[in-house]
Each structure stands twice: as C-alpha cells, then as structure tokens.
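The block underneath contains the structure these notes are about, expressed in structure tokens.
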Amino acid sequence: MTEILPIPAFNDNYIWSIQSDQGDAWVVDPGDAQPVLRHLAENHLTLRGILITHHHHDHTGGVNELLANHPVPVYGFMRSAIKAITVPLQEGDRVDLGDFSLEVLETPGHTLDHISYFGDIAGAPRLFCGDTLFSAGCGRLFEGDPAMMRQSLDKLKRLPGDTYIYCAHEYTLSNLRFAQAVMPESDEVNKRKLQCESLRARGVPTLPAVLGEEIAYNPFLMAEHPVVRRMAQEVSGSPCATATDTFAAIRAWKDRF
C-alpha cells in the first residue's frame, strides 16, 4: 500500500514522500537533500522521481544533490526556469508514478510557475499544492496578483470535499490566529485551532488537512462570506465591491499581521 509521509526540513517545511510497499519513493519539493537521503536510507527506499511545485529555493535547493545520488526524472512546470526539470508539465497533464497517477493543475499566484498535483492515492483524493493553499491560509503573492491567486484557489475549491491537502509548510497555527481575527465568532476556526494546538504540543503535523473542512474556516476560501467581507472593509477602508477585492484586502492584512 502507498503511504505519504512528511520529511521535516528547515524551520517549518515539509517534503512529502510518496512511498510504496515495494520500496519506491517520489518526493515533492525537496528543498534540502540531506533529510531526504536519510529518510530513503532509514526506510530502505529507492527514489524514483522528484515533483516540484515552484521555483523557490526552499522547495528546490536539494534537487541537484539528490540527482547526484539518484538520477531520476524531475517534474515541474513547462515554463519554469528550474534547469533540473526533465519532464515539463502543463495543465491537464498526468504524471504516472507506479500504481497511481497525478493530474497537473496550474495554480499561479504565489509564483507564476506554480503547479499542483492531484490524484487518487491509496483510495483517497490527494492534493500536493506547495505554497498555493495552506491549512487556514494561502501563499503570499510574490509574482501573481489577487485575481490570479483567487482563480487558482477557486480551482482547488472545486476538487472533492474529501481531498487531503499536502501543503509545504507548518503554518497552520499562525494562519488560524489570523482566521480568528477575521472571523472572531467562528466555531469552526476555534475548534480547528484547539485541535492543532493539541497536535503541535505532541509534535504531530497538522497536515494533511481536508478540503471540505478548510472551506469552513479558511478565510482565503471564503471571500464571498459576509463576515469576511465586512472585516476586509473595516481593515482596508475600501468597499470591497467584489470577492476579489475582499481577497486582496485580507491578503494584504495577513502580510502585515
């Protein structure tokens, strides 16, 4: 059976290892090679491929060292500047990995070359979304604009509600503190925060999250919600006439929160 395990890196990154009981492994966004090499050795795994969501160094910094030890395919966006990519991808492509395959979704906003990978693994839908969607949050807009990012998030919102979300950072508690500021009376936010505080106190990741639950407490997926819009209006001093305006206002608020 295939399982998905987090490999912690740096202060708050997760490199996701998709591994089969036959000893094959694919890793997502290896910003650091050393923890991946240790994980492979300790679990007697053979690296079969590297999946990249975007070009930032904390997601790609370990690629060349891994390739020096394991010459495997590197998957990434077709117009990315990452030189190590050997299998360029675009929207709708499928990546065949052993007994399963992942669909490529273009999700720009955080960066222009950002893609996500979605598919059924071990009987459940899974999404590897890098820095586009976080639990209770979303990525900063380093290269894209609010309309672009909101379009990407809307694309992800349309995935099945039982989709497990494997994002690349342990930002959940920080994001939930912001969500409480946006929706101070939300039972869903408060419940999720208590759950995650308990997990982190035991050293357990808050991920994967579940998409159908995120839609109830992630303010960046709730730009149409009247409470979110009202708080965006108060903080920004603008009318927030559209959901994209609301999204832009709360993203700017989060940047300085």
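Glycine is no exception: its Cβ is also placed from the backbone N, Cα and C atoms.
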Which of His110, His225 shares the Zn(2+) 1 site with His54, His56, Asp131 per Swiss-Prot?
His110
Length of the line joining the Cα atoms of Asp58 (Zn(2+) 2 binding site) and Asp131 (Zn(2+) 1 binding site), in Å:
11
Through the lens of DSSP with three states only, how would you label Asp131 (Zn(2+) 1 binding site)?
coil
Distance [Cα-Cα, Å, rounded] between His59 (Zn(2+) 2 binding site) and Asp131 (Zn(2+) 1 binding site):
10
Which same-chain residues, if any, lie at least 6 apart from Asp131 (Zn(2+) 1 binding site) yet have Cβ under 8 Å of it:
Thr53, His54, His56, His59, His110, Thr111, His114, Gly139, Arg140, Cys167, Ala168, His169
